[in-house]
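Summarising the annotation, Swiss-Prot assigns [4Fe-4S] cluster binding site to CYS5, CYS8, CYS17, CYS23 and lists sequence analysis as the type of evidence. According to Swiss-Prot, the hybrid [4Fe-2O-2S] cluster binding site annotation covers HIS266, GLU290, CYS334, CYS425, CYS453, CYS478, GLU513, LYS515, on the basis of sequence analysis. Residues or ranges marked as cysteine persulfide by Swiss-Prot on the basis of sequence analysis: CYS425.
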Amino acid sequence: MSMFCYQCQEAAGGRGCTVKGVCGKTEDIAKTQDLIIYVVKGIAIYSSQAREMGLNTSEADKFIVESLFSTITNANFDAKALNARVQKGLKIRQSLKDAIIKAGGSYNSKENKSWTSKFLSVLGIKNDKDEKEIHDAAVWAANNPEDFKKKAETVGVLATENEDIRSLRELLTYGLKGMAAYLEHANNLGYDEDSIHAFMEKALVATLDDTLSADELTALVLECGKYGVDVMALLDKANTSTYGNPEITKVNIGVRNNPGILISGHDLKDMEELLKQTEGTGVDVYTHSEMLPANYYPAFKKYKHFVGNYGNAWWKQNEEFEAFNGPILMTTNCIVTPKASYKDRMYTTGVTGFEGVKHINTSKDGKKDFSEIIEHAKRCTSPKEIEKGEIIGGFAHNQVLALAPQVVDAVKTGAIKRFFVMAGCDGRMKSRNYYTDFAKALPKDTVILTAGCAKYKYNKLDLGDINGIPRVLDAGQCNDSYSLAVIALKLKEVFELEDINELPISYNIAWYEQKAVIVLLALLHLGVKNIHLGPTLPAFLSPNVAKILVENFGIGTISSVDEDIKMFMN
């Protein structure tokens, strides 16, 4: 069976990638990632039961989060690292199984189905009835890449034959991948929430359950949105408690004459470590793409060698990384297949990886040693200037709520007629120029609320302000879509409205990968309706599942700029 992947917006032909991923991943990488998900589901079978028995599941919890994150679009292309993850997962699954058997395999639960009997079956004492109750994901075993490869042939997306069940299972899985990304960042800062892990494991197990109906899976998808809100709130708390609340900031987009390191991705802990270790070395630090919002946090402003932001959204990195001249640190997705001209200057860390690119590991005490990349930078010339000037951002919920009197007054007087939430992702497709044209064509009495790399389609346009309020308010990274939800809920309260959809807010969101999926599900959980997704609807939505979203939540797509603005403003 050839590869099949349709988890991102650029799925080939709007259906799925079957030969090679548009993202650049090969068939082998795609299938190994499928196998990682299968292993994670097997672990979840045991960890969810171990949790109910009061056993320690921290190792499994961490592994599940990291593994889901590692399979997100443009995160990891390193076959060796991915195969090692499969191997490690099987060991963790076995240790959980052993712990449950040792504990007696019995616990108080209405769903208790004689775990002692099940594990006797696992150990070779077969009972036909019990044998059927254990899913293959919990029992299959292998110990080398060749056997992994054979197994991967059988466990991909298309292993679920029913189109609608497959669609719901994948929608749920992609929501979990986005959730895992946010939970990983919170965990790195010392913040966690057991209920989120418990839900993730419950949901993973549910994707293996052939007895669940489409309605039951739909309910789980919507429940996923609830935990999406929880995980974004947790990450917001982690970021702001550690680094302070983002504040209005003018960010330099030019360069200096010192050698520099370019840091891309989302992990603020990595940002902090890099700034600390480069201080006093003569090496400057620049953010790239989704790391831009690091410029808004008070804790990072004390570093005089933190220059600003270099470049644009992730998909332009081939030309921008080449021009930067210094080393690049990828803390998370999005990685584009590197050109030979800079591949030896590229470093990955965390769950990211690319074959032939140096990887910086985390030590046992949770620290990272960036000395190699710092010494590398010292041997490089300073970055080539590709633009200059400033952009403004830092409008997360705390900052916007501080401006609430101005904003409310502007709405009441009619100076602001409507807000447009244009959060989400950027991408390569030319059809995404729609978002630049849309921003330019919006009436002058409207304000754009944004988060994520979608902002790069319009954050350098001169769209002016309304009574001193910039017409583009950037809350931060994609997870800071949480801020936009907090702002909307506060405005609902201020204007004494019963329904969030009564606010003068329209949602025109550009999506690309799985973090956008969890943001969408979170918004649906909060009751937001009539969200428009573009530039295309997800390939993983079957016609029937798409119909559910349209009929129950008013999900729509985009058409032309003029038609859409007319529709939104009426």
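Yeah, the Cβs are placed from backbone N, Cα and C, and that goes for glycine too.
Sequence features, as recorded in Swiss-Prot, placed on the structure.
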{"residue": "CYS5", "record": "[4Fe-4S] cluster binding site", "Cβ neighbours (10 Å)": "27"}
{"residue": "CYS8", "record": "[4Fe-4S] cluster binding site", "Cβ neighbours (10 Å)": "26"}
{"residue": "CYS17", "record": "[4Fe-4S] cluster binding site", "Cβ neighbours (10 Å)": "23"}
{"residue": "CYS23", "record": "[4Fe-4S] cluster binding site", "Cβ neighbours (10 Å)": "24"}
{"residue": "HIS266", "record": "hybrid [4Fe-2O-2S] cluster binding site", "Cβ neighbours (10 Å)": "26"}
{"residue": "GLU290", "record": "hybrid [4Fe-2O-2S] cluster binding site", "Cβ neighbours (10 Å)": "29"}
{"residue": "CYS453", "record": "hybrid [4Fe-2O-2S] cluster binding site", "Cβ neighbours (10 Å)": "25"}
{"residue": "CYS478", "record": "hybrid [4Fe-2O-2S] cluster binding site", "Cβ neighbours (10 Å)": "28"}
{"residue": "GLU513", "record": "hybrid [4Fe-2O-2S] cluster binding site", "Cβ neighbours (10 Å)": "25"}
{"residue": "LYS515", "record": "hybrid [4Fe-2O-2S] cluster binding site", "Cβ neighbours (10 Å)": "33"}
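Here the Cα atom of CYS425 (hybrid [4Fe-2O-2S] cluster binding site) is found 20 Å from that of CYS17 ([4Fe-4S] cluster binding site). In terms of C-alpha distance, the listed binding-site residues HIS266, CYS478, GLU513, LYS515 place GLU513 closest to CYS8 ([4Fe-4S] cluster binding site). Cβ environment of CYS334 (hybrid [4Fe-2O-2S] cluster binding site): THR73, ASN74, ALA75, SER289, GLU290, TRP314, TRP315, GLN317, GLU513 lie under 8 Å away, each six or more residues apart in the same chain. Around the Cβ of CYS425 (hybrid [4Fe-2O-2S] cluster binding site), the number of neighbouring Cβ atoms within 10 Å comes to 26. Of all the binding-site residues in the list CYS5, CYS17, CYS23, the shortest Cα-Cα distance to CYS478 (hybrid [4Fe-2O-2S] cluster binding site) is found for CYS23. Comparing CA positions across the binding-site residues CYS5, CYS17, CYS23, the one lying closest to HIS266 (hybrid [4Fe-2O-2S] cluster binding site) turns out to be CYS23.
Cα-Cα distance from CYS17 ([4Fe-4S] cluster binding site) to CYS453 (hybrid [4Fe-2O-2S] cluster binding site): 24 Å (rounded to the nearest whole number).
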